[in-house]
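Colleague: Here's a structure for you.
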Amino acid sequence: MKALLVDDEVDILEQAKIFLQKEVEELNVETVASAEKGLERLKEDEFDAIVSDYQMPAMDGLEFLETVRKEKKSNIPFIIFTGKGREEVAMEALNLGADRYLQKGGNPRSQYGVLAQAIVQEVKHSKIEFEKAKVEAELSSLVKGSNDPIYIVDENCRIVFANQAELEKTGMSFEEIIGSKFRESHPEKDARAFEKKVRKTFDTGNSQRQEVKHEETGRYYDRTLSPIKNPRTGKVDRIAVISKDVTERKQREKELRESEARFRRFFENEPEYCYMVSPKGKIIDVNESALDTLGYRKEEIKGKPLLSTVYAPSSQEKARKLFEEWKKGKEIKGEELQIITKEREKRTVLLSAASVKDGEGNVRYSVSIQRDITERKEREKELRKSEEKYRELFESTNVGIVVHGSEGEIISVNPAAEDV
């Protein structure tokens with residue numbers, strides 16, 4: 001912490017420097033004997049605070065203060081420290097922008113102790129105000145440039161600030177909207193609901209949320225009402241409102257609901273066996289066709305692991321590998337597996353599975369569809385048996401047999417026909 005001490009009495013300068021630096025270890029005091037030299041040092045270096053005597057030749061302390069504030073445009077903490085104080089001088093000093101007006105006199109240790117603490121306090125306050133102004137400027141820039149409507153209301157729902165996005169939404173100018181009540185630029189139904197939220201925010205000191213539809217544009221907004229507390233009283237005196245346009249999100253949600261409704265109709269009415277399976281392999285839902293075949297009630301099977309509940313032991317390893325491939329993003333199509341019913345009957349199915357994702361692209365569940373091909377497999381088996389029986393008869397009979405095609409060509413002959 002660096003302070004510039006200005007006084008035309010050199011003895012006082014040295015004494016003050018010693019006491020001040022002893023009083024506050026981190027304080028580094030530099031001294032000059034005139035306001036003119038003080039201005040020169042301000043050009044050459046940076047200081048955290050200035051302490052100046054009032055009555056000095058050529059340029060007094062008030063003229064020095066005025067030059068620093070107006071010509072240098074500096075807000076550096078400035079303390080007038082003088083032994084010749086008058087009330088009118090003190091008033092003028094404060095009007096010119098002095099942060100403190102202290103009088104010399106009394107016990108040196110005591111007076112310099114007071115001065116040291118004043119320097120520390122004013123420097124800390126200055127830094128806080130600087131950071132506060134910086135944050136407020138950044139916040140103001142963000143608010144003004146935001147695409148989301150942002151405004152501030154008081155306890156009576158009067159708008160005391162509105163950014164450009166809110167002006168465009170309401171169709172009002174800044175001059176028109178400031179001081180107007182919320183209900184003057186919003187529909188009655190919306191205004192009543194908003195006023196209740198404002199009242200609740202003031203009463204509880206907690207943020208509130210509200211989703212509304214702008215009747216004229218048809219767009220949806222998600223409002224967040226945040227309390228702004230008075231730094232002196234700690235009480236809520238205003239409310240900042242951010243209205244985020246969620247129209248696209250609402251549209252996606254509507255489309256998703258419609259899509260899910262269509263899927264639900266398909267799921268329930270599909271004759272194939274349909275399952276919804278979580279990424280952890282648990283059954284979320286199952287349709288009536290699957291329940292009828294498996295012999296379970298829905299409450300018996302929901303939440304159970306698909307692999308061990310539905311698939312026959314001989315197919316569980318293959319089903320597990322297919323499930324792992326599905327989790328990696330692969331679509332499963334036409335894989336032959338065996339399922340097992342509650343009564344331990346095995347049936348053959350062709351499995352197809354795809355993912356259902358949310359709006360963020362995260363997998364919600366898989367839709368697994370099993371086409372039962374048990375009867376087809378039985379027919380194929382019977383056909384193979386019939387063909388084997390025919391082949392055995394064809395080969396073993398003593399009667400010569402010649403098989404012709406549709407155009408009379410010989411397709412096959414049995415051994416007896418070959419002997420002839």
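Placed from the backbone N, Cα and C atoms, the Cβ positions cover glycine too.
Whatever TrEMBL says is automated annotation, not expert-curated.
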Colleague: Quick test of your reading of TrEMBL: among 201-228, 369-396, where does it put coiled coil?
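Modeller: That would be 369-396, per the coiled coil entry in TrEMBL.
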Colleague: So what's near the coiled coil (369-396) in sequence-distant terms, Cβ-Cβ under 8 Å and 6+ beyond its ends?
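Modeller: Sequence-distant neighbours of the coiled coil (369-396): 270, 272-275, 290, 293, 336-337, 339, 347-353, 412, 414-415.
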Colleague: Residues with Cβ closer than 8 Å to the Cβ of Asp53 (4-aspartylphosphate), same chain and 6+ apart in sequence?
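Modeller: Val6, Asp7, Asp8, Glu9, Ile12, Gly61, Ile80, Phe81, Thr82 - these are the non-local Cβ neighbours of Asp53 (4-aspartylphosphate), listed in sequence order.
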